[in-house]
Amino acid sequence: MDNSGSKKTCCEAVRDFFTSAKFLIYMGHALSTWGDRMWNFAVAVFLVELYGNSLLLTAVYGLVMAGSVLLLGAIIGDWVDRNPRLKVAQTSLVVQNSCVILCGVLLMVVFQFKEELAEMYNGWILTTCYILVITIANIANLASTAMSITIQRDWVVVVAGQDSSKLADMNATVRIIDQLTNILAPMLVGQVMSFGSHFIGCGFISGWNLVSMCVEYSLLWKVYQKTPALASKAGQKDPQQQELKDLSPVREMENGQSPEESSQPLMIDSAAVKKSDSPKNRGCCYQVSEPLRTLKTGWIAYYNQNIFFAGMSLAFLYMTVLGFDCITTGYAYTQGLNGSVLSLLMGASAISGICGTVAFTWIRKKCGLIRTGFISGIVQLSCLTMCVASVFAPGSPFDLTVSPFEDLYTHLVGEKVLPEADHMLTGIVSAVNATAATTTASMTTTAEEMPPLQSYLSVSLLFAGVIAARMGLWSFDLTVTQLIQET
């Protein structure tokens, strides 16, 4: 009987865990980050491939994403704060996945009919497709930012309650999920693109996001039902309290007080609110400038927080960190690394991040939260010295011995100085080249495709530093995240 009772208790505990709000958040976050990691990895490769192994489109895409988050981040945060939690999460989820699906379909059309589109209207149709891809992908990134804010910065805190240790464990688990998806998602889509095609890769990502959106929507609703505290949000009026306030003049009238005397302060407050919130009293310029005032108010409120310097340190750290973003992925692609190798490197980076996440929980218990941040920052910057060394290593495209003005002069003037050759030697070389062209064609192609071994030294040092630095980066990120959540 005791054994059967213990087994039943164990089974009930396992069932309760898999049906708990905490596990459902983990599942939804895993599906969301899996789609994000696949898309972020693939879009850089797609843009490089579309523009002839050039980083121009990738650089424009990265600039647009960073600038949009910088300018609209405060507005997105204000929208998250003003609206109910469930509405914010569901809207962000639908917008993000819908944009990725639409962008994937558009890329499939471009890959399939690129030559035809390039000939239409002198290439303007193809250029318009590039602009649409970057614009829609940027909207998806903004929606992903809103989703990250509401889940990782809000829902996790509410589900954890007032337990600081539970909050730290949930933050660490969320980061481990991030790193695991960093390992598996790019590997999967990288193999699909390597052994299939870019067209198949776009279709696979679009189909995944369509299925994932439906499952995540259901998981969010279940978490919301299992956590009643998510229904109440600071800064929003409770409907029941508002209803009681509206009924209070009636009750006081029954007690012998006149409605004018009992509700005079309420009428004054409501009148003031109506005057301030009435759209008729606001001019057109006031409504147009409201996003700018929201941006200014957000930065002022952020500056007045106690964790301002900690947040700025994390922001500056991300300014110096070299990660697997669109620019780095596109650069590695131009250096001869294919999608399969890049996915394996991202997996190694994720393993390093998992080690940093596990180390965070151990160092925090031994040294405290603040010292953990100091140690993580030192480890992060020390590992990035390998990235600095890669600039001067053999095979680096940043060769400081070559003047950058030579190519500029050639591009502007259109002249290129070539070494003069003797006419007799020229005839001999031409004859030799004509007779040996057929026999050496395959060897020449092989030599062009396979660069010298030392050319990989620079890119190897670069990615070694990036991978090792993830340990300190994610540990520092967790430190600042918990400081923000506890404030």
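Glycine is no exception: its Cβ is also placed from the backbone N, Cα and C atoms.
Taken from TrEMBL as is:
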- 55-80: transmembrane segment (TRANSMEM)
- 92-111: transmembrane segment (TRANSMEM)
- 123-143: transmembrane segment (TRANSMEM)
- 234-264: region 'Disordered' (REGION)
- 243-254: compositional bias 'Basic and acidic residues' (COMPBIAS)
- 255-264: compositional bias 'Polar residues' (COMPBIAS)
- 307-333: transmembrane segment (TRANSMEM)
- 339-362: transmembrane segment (TRANSMEM)
- 374-393: transmembrane segment (TRANSMEM)
- 453-473: transmembrane segment (TRANSMEM)
Next on the checklist: If we skip the immediate neighbours and take only residues 6+ beyond the ends of the transmembrane segment (374-393), which ones have a Cβ under 8 Å from one of its Cβ atoms?
Outcome noted: 313, 317, 320-322, 356, 360, 363, 367, 400, 457-462, 464-466, 468-469, 471-473, 475-476, 479
Checklist entry - So, does the transmembrane segment (55-80) come close enough to the transmembrane segment (123-143) to give 3+ Cβ pairs below 8 Å, pairs being at least 6 apart in sequence? => result yes
Checklist entry - Where else in the chain does the transmembrane segment (339-362) make close Cβ contacts, counting only residues six or more beyond its ends and a cut-off under 8 Å? => result 41, 45, 168-169, 172, 175-176, 178-184, 186-191, 193-194, 323-324, 329, 332-333, 372, 376, 463, 466-468, 470-475, 478-479
Next on the checklist: So if I exclude everything within five residues of the ends of the transmembrane segment (453-473), which remaining residues of that chain have a CB under 8 angstroms from its CBs? That is, six or more out.
Outcome noted: 317, 321-324, 328, 332, 335-337, 345, 348-350, 352-353, 355-356, 359, 376-391, 393-397
